[in-house]
Amino acid sequence: MVAEAEVMHQPVPVLEVPYHRCVAKGVEEVAAAAAVAPPPVVEVEVAVQVPHMGLESAAGAPSISVDALQFVPSIRSGSFADIGPRRYMEDEHIRIDDLSAHLGSLLVCPLPSAFYGVFDGHGGLDAAAYMKRHAMRFLFEDSEFPQASQVDETYVQSVENSVRRAFLQADLALADDLDISRSSGTTALTALVFGRQLLVANAGDCRAVLCRRGVAMEMSRDHRANYAEECERVAASGGYIEDGYLNGVLSVTRALGDWDMKMPDGSISPLIAEPEFRQTMLTEDDEFLIMGCDGIWDVMTSQHAVSIVRRGLRQHDDPERCARELVMEAKRLETADNLTVIVVCFVSELGSPRQEQVGGQAGVARPRSCKSLSAEALCNLRSWLETDR
């Protein structure tokens, strides 16, 4: 049980066995191999189930092993953006690996702490650029943003409430800023890490994908017309879907800005800025998080993206290079949009490839074993080799 956190509220200023292998060719080599062979070793991977909380209740979540509770994420990240085939670049992103250091001593939060955001603009760059400049202010200058050194349910819920307020306040600010076109809007995908907790908030069709032992775990849902629950909400609020577009105009059903499509503040609107949340407690099984705009996901699956990044980390261990490789793959697959990717690593290194597909299950480690020869087996092998001669 995690110690209860003391939650305070304070305004915060923003700163920007090696294993032995031998092929015997003769009796002498067999004897030599037996003499230096290590004792029998069998490596077994034990799966750890982690509660996946967010829109669903955390009640009844499976327990977590002691080893999992001792895990501390080792955070590092890389990003890459490309204009793609478009004439203008409308994406923006934020990448802060050490949030506590970035905000200074006035913010008390569980460590390690980090913040990331991807903003995919439409109708011009205005809205996305505004979010890049002001997202930190909306989030962390909130007087009700919780401050605590430990994570408990109260703290997590308070952080979620603060992020929700930040999305909605930013949306209203876009309406009030006379320098921003009312037809300009942006999707918003953010990820907060505090301690071992990962909290993802999403409004729009950017996507966050967690790699858990090689398996893609989607940490957000695309707010598009093919999302059944969104279609129901749109219809209930007086909107409609035509040819895959909200009111025949916009490809997403949630976004910040786009005030030419929204009703006045307080009125029900088919297009909303309300984010959806997903959260999980990170363990040693959670290797990295991919955050990308829809230009990535239009041409590849979440699992494909995870496989590319995982292979890259094993080869060169550079998250920024992995982000670039993912963007280049999307261009090779002829994406039609701008491209932005952030790769956030939670472990210091992946090491050599050990997790292979076993019995149709990706991400399950293949057991390895090392064997030594008994004296009797050695004699039998010697006799067999001599007879074979």
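Including glycine, each Cβ sits where the backbone N, Cα and C put it.
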Same-site residue for Mn(2+) 2 (record: Swiss-Prot; known: Asp120, Asp294; options: Asp82, Asp171, Asp243, Asp337): Asp337
Residue, out of the binding-site residues Asp120, Asp294, Asp337, whose Cβ gathers the largest set of other Cβ atoms within 10 Å: Asp120
Cβ neighbours within the same chain of Gly121 (Mn(2+) 1 binding site) - under 8 Å, at least six residues apart: Glu90, Asp91, Glu92, Ala127, Ala128, Ala129, Ser184, Gly185, Thr186
Integer Å distance between the CA atoms belonging to Asp120 (Mn(2+) 1 binding site) and Asp337 (Mn(2+) 2 binding site): 10
Other residues, Cβ within 8 Å of Asp120, Asp294, Asp337 Cβ centroid (Mn(2+) 2 site): Asp91, Thr187, Asp205, Cys206, Cys293, Gly295, Ile296, Asp298, Asn338, Leu339
Inter-residue C-alpha distance, Asp294 (Mn(2+) 2 binding site) and Asp120 (Mn(2+) 1 binding site) (nearest angstrom): 8
